[in-house]
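Beneath this line is the structure, given in structure tokens, with notes to follow.
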Amino acid sequence: MAEAAAQDLLLAAAFVSDAQYNRNIPFRTSPEAVRLYHLYNHWMMRTATYFFIFLNLSLALFEEPAVYPLPFLATSVLEVLCLLVFLGRLTHFAHVTLHNVFWKDAKNICIMGAILLSLTDLGIYGVLRLYGVRSIRWSRFMRPIFLINFAESRQIRRALRSIRNTLPEITYVFLLFMFSLLMFSLMALKLFGERNLQTAEGLPYFRNYLEIVFDLYVLVTTANSPDVMMPAFDFSSWYALFFIAFVIVNTYIFMSLFLAVVYNNYKKHLKNEIRKLAYMKRRKMIEAFNLLKEEEGEQFVVREARWKQLVKLVAPDTSNSHRELLLRISDDEQKGFVDKKSFVQLADLLNIQVVTLKIRRHPLARWAPALYGSAPSRLLRGLVRHRAFVWTFDAIILINAVFIALDEDSISYAEWVFLALYVIEILLKVYTYEPREFFGKTQFWNWFDTLIIFAALTATILNATLQSTMRYNSQQILDIVFILRVLRLIRIVDSIQRFQVIMNTLINIVPTMLTFGGLTLVVYCVFAIIGMELFHGKIQYFPANSNAPHALECGNPALKDSLFARGKYCKNNFNNFASSFIVLMELTVVNQWHVFASAFANVTGQPAKLYFIAFHIVMVIIIVNIFVSFILEAFFVEYSLEKSEVETAIEQKIQELGMGVQEDELQHEQLLDNMESAEHELEGDGGAKAQSKGLVFKIASKRYRTVDALLQRMFEAEIPLEDEGPSFEEILNLSPSSAVPRSPSSESAA
């Protein structure tokens, strides 16, 4: 019985952990599989997987054409090692999930196929290399498959699904846009083609239909405006009306339509994805409850001891005091058990970061109580805690920034005054606040201020000493330190209420920006590898004093007198992986992208422009608009969503227990911003009110880690607690575009 209970507890912990982190992996429930599943989700295993994924991607830096060349044998061994790790990870996954689910999962098939094709390509390339035959490593563009398809990358897959589901709607708008572009191009050919006009470079103006289509497509991005209009405008001012109409229709209307379609579909598909996650979390928590439940009267409950064992297993780093707080919230009436309604909320409770604080007096209050408790000392500490103290030193930092901007020799003497003021500020804060709490491991800004100030003080003293003894001047180093000190002004932005929504949104999107960063990395890797195969060696970079043939034409006579060569863009080429990434970044910014496209078309062929158009469509029109949609949704959620019921329950319970720290006091002291759940100590003399229990609690942050979490909380409010949702199989078989039924028996959309 004891062994069976331990196995049930381990399985319940797996369900709760999945609900906490929104995992939807259908794992087997045998004891061995559950233990393997816990190991599979261990942070070290996930970290190792990401390490080898990025190692595999970074091999392009060392393979021909290489930024840092390594022998073929070295890169081959590293690639085989990465593939073996991926195979091991996939095998581990196969042992924890259901076999029929594993073989029906397309991402597992993709990983196995990518491993097999990569090994085959590596073998063929190695054999041909031995015989001196040059071949193409065609499998390299498949490496992003590993980043996309492992279970850890569910956020990237979700973004890709949003793109895939949005494509049909985008296609209709894109076809209508192309129709408009082709019609305007035909009109331009008839209007300007027979006027014998020439461009600024002396080339024929609007006489070739395909070139007209490309030039007008570039005009949609505004990269060649107003250059493309000037020959016609110089001929007749009335022709400007054609370009004005074109820009209004295609740049403003159609590009706005692209954003509207992307945003509308993104929001719809994201809501369905979040709805699916919400039901999955509810179902997992109910499964965990069913494993641990015991009968109590007419209802089933989870006993207090069992609940504590579960929480300790799911969140081993949680402090005892934090667990007791969560228990008091779940067992509000202290009956000795947790009912089903409260148990289902456990995953959300664990996701809310709570700071546990021990009350401790300042060391000076123990060593010199008479001095520290005197009237002048209390007055001084009251002044330091006052908001005016922060405002004063913010103003001093701003004045210091103005002095640095003036860059006058006479002003350098004023730096000693500013440094003295900053040192006094730090000393006063350490005198007022408990030092170990002030320099806690989560007190980033306190460490930042102190290190910057004392680094500047040390550098200034060293610089003055060297100047007086060796006539050595290192003012540039000092300027860098001073500029870093000015960065403290960022804290002012977060303290102004009007900026809170903006700051909250920025903080919320930072973790999820990794998703779009991963998506961008996938696109960049694919296009960079294709670009290297198409354009490698076609354009060369030479130093300014080089005497090499065609050095002024980037090593290719086809670029003579081109905008690319005259602009000295020769370093923007596809000769290695790093240079390719830089070019793609410049193409993402859009400005001058047509110059790059024309240059590479000149050195290869006009169809090369299709490569640059394809990148613009994928990266700028689709992915960038998805990212803009995400930011819009983030702002709307921040403006509309109140605190969740679970978070409010925690705050109410903290206050009811008499163990809470007032919000305004903590903001006033500026000491607990952005703290995570951990044991910290706070003085009882003026910081937080002394409690007989010796502990105080505080919600660490009102900000959610991702907008997905916000949307999930917003949708879950619409789901009744008694609604268990559909079964695992029904949830897993739901497509992202289908609505989840409100109950297991419901067949219609919610």
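Just so it is clear, glycine is given a Cβ too, placed from its N, Cα and C backbone atoms.
Per TrEMBL, compositional bias 'Low complexity' is recorded for 735-750.
TrEMBL lists 48-268 (among others) with the feature domain 'Ion transport'.
According to TrEMBL, the feature domain 'Ion transport' maps to 386-640 (among others).
Residues or ranges marked as region 'Disordered' by TrEMBL: 730-750.
The transmembrane segment annotation in TrEMBL covers 43-62 (among others).
The transmembrane segment annotation in TrEMBL covers 69-91 (among others).
Feature annotation from TrEMBL assigns transmembrane segment to 111-132 (among others). Long-range contacts of the transmembrane segment (111-132) within the same chain, counting only residues at least 6 positions beyond its ends with a Cβ under 8 Å from a Cβ of the stretch, are 72, 76, 79-80, 83, 86-87, 90, 138-139, 142-143, 145-146, 149-150.
Listed as Cβ neighbours of the transmembrane segment (170-189) (distance under 8 Å, sequence separation of 6 or more from its ends, same chain) are residues 206-207, 209, 212-213, 216-217, 220, 242, 246, 249-250, 254, 257-258, 261-262, 265, 617, 621-622. Annotated transmembrane segment per TrEMBL: 170-189 (among others), in sequence order.
As annotated by TrEMBL, transmembrane segment applies to 238-266 (among others). For the transmembrane segment (238-266), the residues of the chain that approach it from at least six positions outside its boundaries are 162, 165-166, 169-170, 173-174, 176-177, 180-181, 184, 187-188, 191-192, 216, 219-222, 225-226, 228-229, 232, 621-622, 625-626, 628-630, 632-633, judged by C-beta separation under 8 angstroms.
Sequence annotations record features per position, and here TrEMBL assigns transmembrane segment to 388-406 (among others).
The feature transmembrane segment is assigned by TrEMBL to 412-432 (among others).
Feature annotation from TrEMBL assigns transmembrane segment to 444-464 (among others).
Summarising the annotation, TrEMBL assigns transmembrane segment to 505-530 (among others).
The transmembrane segment feature in TrEMBL is assigned to 610-636 (among others).
Sequence-distant contacts of the transmembrane segment (43-62) (same chain, at least 6 residues past either end, Cβ-Cβ under 8 Å): 68-70, 74-75, 78-79, 81-83, 85-86, 89, 92, 140, 143-144, 146-147, 150, 152, 521, 525, 528-529, 576-578.
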